[in-house]
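Annotated features in TrEMBL:
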type	residues	note
DOMAIN	219-491	domain 'Major facilitator superfamily (MFS) profile'
TRANSMEM	55-78	transmembrane segment
TRANSMEM	90-107	transmembrane segment
TRANSMEM	119-138	transmembrane segment
TRANSMEM	150-173	transmembrane segment
TRANSMEM	180-202	transmembrane segment
TRANSMEM	222-249	transmembrane segment
TRANSMEM	315-337	transmembrane segment
TRANSMEM	344-364	transmembrane segment
TRANSMEM	370-392	transmembrane segment
TRANSMEM	404-420	transmembrane segment
TRANSMEM	452-473	transmembrane segment
Amino acid sequence: MNQSPFLTHPTNEQHQENGMFASASNFEISGGQFVVTRNYQHGRRLDSLVLKVKACMTLFGCFLILFGTWGPSFLIWFNPYDKQISVAQMDWVFVVQAVMQFGLGVVGGKLSDLGHTKIVFIVGSLIYVFSFFMLSFADPRQMYQVMLTQGVGMGIGGGLCYVPALMTPALWFPRHQATIMGLVISAVWLGRATALVIWSYYTYFGWDGVKYDLSIISTISYLFIIRVIAGFVSGVLMLGNALIIIPAGPPKTSNNPKTKYPYTLSIAAAFLGQLGGQWLSLQIPNFVNEAQSLIILSFSSSEPPALVFPSDYMLINYLQAIPLFASGVGSVIPGFFADKYGTMGMNIICQLVAAASAFLLYAGSTSGGIIVFGALYGFFYGSTFALIAPVITTIMTSEADRGYVIGLAMAPLAIVPIITKSPLSDKIVDYVSVLANGGWTSGISKDWGKGVIFTALLLIAGATLQMVARYLCIKETRTTSPAEAPNSQAA
């Protein structure tokens, strides 16, 4: 069968699956083709209805875990009617939260490798729910309280659960790793979009067409809303933990893939791609505000801000949610093709297309243009994020340490929000804040072109490093024994 040399990868017919886990892999180089034949010798086949149900239950349970722990994370859960905490302060809270979520992946992954996956899920969920409830008791004017609850507490809970939630369902579906991991990661984006829409409706609550009705607003406290959402999240996490069934682990081996050049280059490629891609993703709300004529909020000491065009406010939030929903879809579809044609090659394509779609920002002067840009860019940016873990699994020489290896690869991504949320990132587009009509707006930028070029260059650089990693991985396969070669689809 003729295949593109860029996306060379074995078909499903070339797999020889006799169990759940791959204990060894046989590699052949024939006519320039990179052929992988995987031999599964441990675990049981999914040839019975019971095993299929267990596998699907685990997949849905891990989806709920990330939906509950990552979805509501990066949102300002405070009273929208008065400025109790500055945007800069919340940025630092989000930075700490992101550092915890990505940095603790190696801890959760290692504990999962040691057989404590269920305990990690339970402990992480409890920490997250407790911190979410405590956030409703925090005083927004005391930043340390918000930092401890949302930054540290919710960050630790989400960080412990992230890597185990990715690898556990993938163990049930060894031939569809990228698809399964993409399905689980889509919960992150869908959860964020859902939380944004819910909170937007509360902000709009009480509008009578002319002004806000204070008597209506006073009937529902924003603290009560936080507790209701925290209660809903706790129910989601309880259901997720109940559905997850941990399969038997693969045998321990002495292989150590951390010194492989493809592994290091793939981490660097992910870092550069996420640095550029995440920056533009975080700037989309500012661009939407600017494109929609910057809804002006006027503040007074006696009443909530009067929203000039509340319908436009809802439109802005919907436009901000579109890239998130698109990222959720983009986490799944490219993963399907990655399993079929090759994970590294698909990741390279997604990074290059994401770089190209960044230039569609110039078409965002209308709502329709913003929808097109948000959908396309969100789709391919979400795919680059979702393919990070599957790319790492293609390089691994050992199934036994996959949690630790994936977590270690995710750790450098904790640096990304420190850069993208710092004042330095605002200078990329000459980002400033202005005063208007006694209120304030943000997001005025003199030159969005600088940001587009910044994003595109970093995504292209990440794709270039991934090309080198793919080349070295195939080259190493030709010169190493089957037992030491990567155990998955490197192309």
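Placement of Cβ uses the backbone N, Cα and C atoms for every residue, glycine included.
Because TrEMBL annotations are produced automatically, they should be read as predictions rather than curated entries.
Quick caveat, the model's predicted, so the values are computed rather than measured.
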The transmembrane segment (344-364) touching the transmembrane segment (222-249) per 3+ Cβ pairs under 8 Å rule: no
Close approaches to the transmembrane segment (90-107) from elsewhere in its chain (Cβ under 8 angstroms; 6 or more beyond its ends): 70, 73-74, 76, 143, 146-147, 150-152, 154-156, 158-160, 162-163, 404, 406-408, 410-411, 413-414, 416-418, 421
Same-chain residues near the transmembrane segment (150-173), Cβ under 8 Å, at least 6 residues beyond its ends: 20-21, 46, 54-55, 58-59, 62, 65-66, 69-70, 73, 77, 92-109, 111-112, 117, 120-121, 123-132, 134-135, 138, 179-181, 183-185, 244, 246-247, 249, 389, 393, 402-403, 406-407, 410
Winner by Cβ pairs under 8 Å against the transmembrane segment (452-473), considering only 119-138, 315-337, 344-364, 404-420: 344-364
Candidates 55-78, 370-392, 404-420; stretch with most C-beta pairs under 8 Å toward the transmembrane segment (344-364): 370-392
Among 119-138, 315-337, 370-392, stretch most in contact with the transmembrane segment (180-202) (C-beta, under 8 angstroms): 315-337
